[in-house]
């Protein structure tokens, strides 16, 4: 067994105080996302999306956040993917943003709701053409005999869609994750980290400080 117990560091970038918190967690998330981008973090919109299968087995993968507002968090995916199939069975999901360089994390619990075709198409048309073509090529989460099969299909579809717009695949869509709770974690000195949990109750958010 590899011993990693000596790998540690101190957290020195400051704390998070109750008096500084807005009542709406999306305002704090927007501020933290802006600061993560300004800090030029690698992939600040990358989030871990956790789902659960019918046997209770959890799965995780990294997905890019594409939009957020007071209603929730939006991402897009192949509707035949493992995550989409699991969401169809159990739409309770968890999102996690690990912004280690600025000593912050955000953890979100909520329910994923499918976006309308109009909303999906609006985003799909903003993607680079090669990305649109790639959406047609990959049967996400299915087994492949070799990478060459995938590449061959890509160039085949690229020739097919050489002229004009690439149509939206019927098996490609997106989700709005409506949060029921959002936790903000700020690293603190002596491992006394600051954690604040926003919990949705009716039409308001209740804020609690959690022990680190």
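For all residues, glycine too, the Cβ spot is worked out from N, Cα and C.
For the recorded site, residue 193 (substrate binding site), the DSSP three-state label reads coil. According to Swiss-Prot, the substrate binding site annotation covers 8, 9, 10, 11, 66, 123, 127, 131, 191, 192, 193, on the basis of sequence analysis.
Positions annotated as FMN binding site by Swiss-Prot: 61-66, 76-77, 82-83, 105, 140-141, 185, 195. Contacts of residue 195 (FMN binding site) defined by a Cβ separation under 8 A and a same-chain sequence distance of 6+ are given as 183, 184, 185, 186, 209, 210, 211, 212, in order along the sequence.
Distance from the CA of residue 191 (substrate binding site) to the CA of residue 63 (FMN binding site) is 29 Å. Rounded to a whole number, the distance between the Cα atoms of residue 193 (substrate binding site) and residue 76 (FMN binding site) is 33 Å. Between residue 8 (substrate binding site) and residue 105 (FMN binding site), the C-alpha separation comes to 17 Å. Mapped onto three states, the DSSP output places residue 127 (substrate binding site) in coil. The binding-site residues examined here are 8, 61, 82, 191; by Cβ neighbour count within 10 Å, the least packed of them is 8.
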